[in-house]
Ligand code: G4P
C-alpha cells in the first residue's frame, strides 16, 4: 500500500501547449532525452511532418496494429514518473486536443521568444485557465535573437491576464547570449562558448534588480491555482536551460489532484476505490482492425489488470483485461497503474467521452467534459438515399463518442456538423464509410462564430443569411454568425439578447 502511495505521489501528468513551431516537439524530445527514453536528438519525430514523436508511435502502431498516433509519453526522471499527454496542433488539431487538457494536472506553455504570445497559445491557455491548474511558461529559442525579456513577461500579463514570476532571466540572446540567471539560487548558468559581452550581463543584472523591486512575489499557492506562472527561458534545440526548467517544474508541479463528483463527493487519489474517466476515444484508422481505444485518466485507487469495474452511465459491468499503456518500460499489456496515469482500454463500443468507470459498490460520477465551441461547419448528406438508416445510426454514435458535434437547421432539420479542427471531419467521413458503410457528402459552410441563446429570448425573425439559426443536439438554439462583425451587428440590433459561448 505504501508503495501505491509513493507511486502516486511521484506522478506528474501534464500537457505542453504552444502555437505551431514554437518548439513543443523539440522540448518534448529534450525531456525524453533527460528521461533516457531516447538517446539522440532527432530520433523522435519526422521533422517537417510536425507530428509529435510520430516515428516512435508509428512503430508501436505497427507492432500493436492499433493507432496511438497521438497519445501519452511516459518516463522517469529524478524519482518522478512523468506522463506527457500530447495535444496535437496543426492539421491534427481537434476537440481531442481540448479534452486532453481536462486530464492533466498541470500545463507547460512553450512560447517562441522571438514571437511572443501567438493565437493558438492564447486559445489553449484560455481553456486551461478555466480549470485553474498550474501553468509553467518556457520562453524558447533564446539561442536566436529574442524580444526583450521584460516585454515577453509583460505579454503574459497583458495578453493572457496571468501574473508571472521569472524563475530565471536571460542574459542576452542569439549571438550574444551569455547565459541565464537563476533567480532562486542566485547564480549564472553560462551559455557554453559564449563570447564575453560584459555590457549584456550588466544590463540583465539591472533588469533583475527591477524585477526584485517591482515584480511579483513568489507565491506557491498562486502557482497551484494557476494565477501565477513560473517563467523560464531557454533553448530546447541546444538543450540550454532545459535541465533547470525540468528540475524546478518537478519541484512545483502538483501530484495527481482530487476530483469532485456531480454529487459533490471529493474523490481523493489515495482512495482504495478505483475510479477514472474517459477523455478521448481513438478509433482505429486501419480498416482491418475495428477496435477503438478509450483513454482513461485514473483519478483514484490502483488499477490492476483484469479488475472489474462499473461503467457509471449504463451500469454495465466490465472486466478491464485488455488495457494498454504508452511508452512504459514494458510495452506489454499494462498490469498496474495509479492515479495520474493514463490507460488505454480496448473498446468495442461501450464507452463515450466523459464516461466514469469505478470499482466497488459506491457510485462515482464525474462531471461531463465541457462542450467546446466549434468553429468549422459542414452541411452533410448521405450520397445514397437508400442508406438513411445506417447514416442516422452512424451519426448518432459518432456524435455520442465526441467525434464531431451535430446541429440541425432550425427549419427543415438539415444536418450540419461542427468541429474545432478540420481533422475531425476527415475522421468522421472515414469512419462513416468504414464502420457504417455510408458514403457522405459535405457542403462546406465554412467557419462561423457559434453562440447559444436562451429559447425565451429567441425570435425566429432574428435569423438571416448572415446569422444562421440552428439547434444543437439538445434542441437548444444556436446562431452561426458569418464572423465577429456579423455577431456585433446582431448584438447592436438586439442588445438584450444574451449570446453565450461554450468553452
Ligand atoms: P512545434 O512542435 O511546436 O511545432 O515545433 P518544433 O519543435 O517542431 O520546432 C519548430 C522549429 O523550431 C524546428 O525547426 C525546430 O528545430 C526549431 N526550434 C525548436 N526549438 C528551438 C530552439 O530552441 N532554438 C532554435 N533556434 N530553433 C528551435 P525547423 O526548421 O522547422 O525544423 P528542422 O530545421 O529542425 O528540421
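Each Cβ is built from the backbone N, Cα and C atoms, and glycine gets one as well.
According to TrEMBL, the protein carries these features:
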type    : residues                                           : note
DOMAIN  : 9-257                                              : domain 'Tr-type G'
BINDING : 18, 19, 20, 21, 22, 23, 24, 25, 86, 87, 88, 89, 90 : GTP binding site
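Shown here: features listed in TrEMBL, placed on the structure.
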| residue | record | CB count, 10 Å |
| --- | --- | --- |
| 18 | GTP binding site | 24 |
| 20 | GTP binding site | 15 |
| 22 | GTP binding site | 28 |
| 24 | GTP binding site | 26 |
| 86 | GTP binding site | 25 |
| 88 | GTP binding site | 19 |
Which binding-site residues out of 18, 20, 24, 88 lie by ligand 1, going by a Cβ under 6 Å?
18, 20, 24
So, three-state DSSP: helix, strand or coil for residue 22 (GTP binding site)?
coil
For the domain 'Tr-type G' (9-257), the mean pLDDT of the predicted model:
87
